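Trainee: One structure coming up, written as structure tokens, with questions to follow.
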Amino acid sequence: MGKTLFDKVWDSHVVSTIENGPQILYIDKHLIHEVTSPQAFNELEERGIPIFRPNQIVATADHNTPTLHQDKPIKDALSRNQLEQLSENCKKNNITLYELGHKYNGIVHVMAPELGVTQPGLTMVCGDSHTSTHGAFGAIAFGIGTSQVAQVFASQCLLLTKPKSLRVTVNGQLKNGVLPKDVILYIISKLGTNSGTGYFCEYAGNVFEEMSMEGRMTVCNMSIEMGARGGMIAPDETTFNYVKGRKFAPQGEDFEKKVAYWKTLPTDDDATFDKEYSFDAADIEPMITYGTNPGMGIKISENIPTDENPSFKKSLSYMNFEAGESLINKPINFVFIGSCTNSRIEDFRVAADYIKGKKKAANVTAWLVPGSKQVETQIIDEGLKTIFDDAGFELRQPGCSACLAMNDDKIPQGEYCVSTSNRNFEGRQGQGSRTILASPLVAAATAVEGKIIDISKQLN
Amino acid sequence: MEKFTTLQSRAIPLHIENVDTDQIIPARFLKATDRKGFGDNLFRDWRYHKDGSVNTDFALNDSKYSGKILVAGDNFGCGSSREHAAWSLTDYGFKVVVSSFFADIFKGNALNNGLLPIQVSEEFLSDLLDLLVSKPETEIVVNLESQTISVKGSDLQEDFEIDAYKKTCMINGYDDIDYLVNNKEQIEAFEAQKIY
């Protein structure tokens, strides 16, 4: 029987199997950041265990960093301490760190692919659930807890039971104005937030084949929002072209050898999956969420469904929405374009293209937070910053920012925010804040109109 | 890691589905660099109003309820990989979480911290939640060795699944680092002959 992409990468990384138990899985790349690593460093130090393979670890500061005045000392003492500990720990253990202000600094899931750390066929982990992003390259990449960060520090391995396999196929022609974010929000709205739990998901079909690497990353990023530990897309010419020439990518003949290997990775025709779903691209429209988990999404033109489940009602009550109502024309005061889901150059190009020649509505605060220093530089070099400045949008410095509001970028109590991030949980963007997930195009249109509009109608 | 064998305790019902790790411990409390003290902020925004006053409607603040077992709705622990969620539950005093479904990363984090996630059927969960509301003094008995959860003074009982390796770790208080570090030679041998 044939093997799936996931089988091929997983099986080639199994060091050994414990009888009636988990497998020892070898991890090629370990990404770390300031929030989920300090306790792991402490644990190893207390137990007198050295870091096994420091050269396979890459560190960045992103979750807890300010997006203004990054050249100045950080005001918040706890945040400052967390960043200082990261710097000390990396220095002590010879780990490469791209700290705040460095030209390669950025959100871990934006900067690692940019630097070519992310490559097909690798196993990658990070103490962050959106590590699934890197699966866009045909890597097995998933989020881990801090105890597991310590395990990888100590052994470059994890003890894991192989997950089951799931494939989501989307074929057909996407409509005008439907972005990768809409595709994944659509899939999650159909399958729910726990449909992928216990599974690794492969995305297949011409829709993903035709997507850019940025788009594939947006899709794989949100795999965890349907419960799947990771999502993968078969590596192809788009992948190879993206990786080629990047700082940590294999060079010259070595690269060609790797490409020959990467070409063997896609799922065999006769491979089978434990679960399969398929959707028609033509059914997908610009999406929007109305509740407090990412599965609570609708087409922007649809009305909020009715459901008697108490958790569903609690969710609508938190959002101050009524079952059956439409979100079109809802006034919105905050718009956030950023996060590891949608803060790559392509996302800002889409937004700028829409915004060009328009102005943001007077009631709106619109934050644009690039995923990395490199994206920030590109925004300036391509002239997008001028478009944003002219329209009254605020371009900030890179970081996770208002996606999880660990820093000062918080949405006020009771306010709605149309956000390109990945989670609309209660209080995710600040205590009492109400998040509406959408694509960068829908977010840009909302900022210009000051309310939610049916973008498809405007475009067609 | 603390050992776990059996537990008899009262339980706190949390009749909410899809409890995500942002509710268990909001991101603004993740700035600490050690594992202790997170219990104070467990379910912070459900336990307290924005002005800091106690939300007396929330189960953890209801004097009727107490105990080391949390009984929660379907899909508990979804969202972020923050192990702080498991730390905040153990720091508050919980030893067991019961639900009809757990998110993967949370489940692994719980097991790595001696917090036992017990997955039960939807019927059992629903009966247990109802019972706790009508008789809050109900005692629950968990036996990891026999993999059973039962309710004192009732015939409500169910077997639960746990990975055999993880069960041994919980009972003996071992963690994965011990196992992995003892297998370093095998790992080095793997590195020397990697095929990719």
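Yeah, the Cβs are placed from backbone N, Cα and C, and that goes for glycine too.
Curation plays no part in TrEMBL annotations; they are all automatic predictions.
According to TrEMBL, the protein carries these features:
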BINDING   A:Cys340, A:Cys400, A:Cys403  [4Fe-4S] cluster binding site
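Help me understand the surroundings of these features in the structure.
Mentor: In sequence order, A:Asp62, A:His63, A:Asn64, A:Thr65, A:Ile107, A:Ser339, A:Cys340, A:Met406, A:Asn407 make up the list of same-chain residues 6 or more apart from A:Cys400 ([4Fe-4S] cluster binding site) whose Cβ falls under 8 Å from its Cβ.
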Trainee: Excluding near sequence neighbours, so keeping only residues 6 or more apart in the same chain, what lies with its CB under 8 A of A:Cys403 ([4Fe-4S] cluster binding site)?
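Mentor: Set apart from A:Cys403 ([4Fe-4S] cluster binding site) by at least 6 residues yet with Cβ under 8 Å, we have A:Phe336, A:Gly338, A:Ser339, A:Cys340, A:Thr341, A:Ser419, A:Ser421, A:Asn422, A:Arg423, A:Arg428, A:Gln429.
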Trainee: List the residues in the vicinity of the [4Fe-4S] cluster site, defined as same-chain residues other than A:Cys340, A:Cys400, A:Cys403 with C-beta within 8 angstroms of the site's C-beta centre.
Mentor: A:Asp62, A:His63, A:Ile107, A:His109, A:His130, A:Gly338, A:Ser339, A:Thr341, A:Ser343, A:Gly399, A:Ser401, A:Leu404, A:Ser421, A:Asn422
Trainee: Let me know how many other Cβ atoms fall within 10 Å of the Cβ of A:Cys340 ([4Fe-4S] cluster binding site).
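Mentor: Cβ-Cβ neighbours of A:Cys340 ([4Fe-4S] cluster binding site) within 10 Å number 27.
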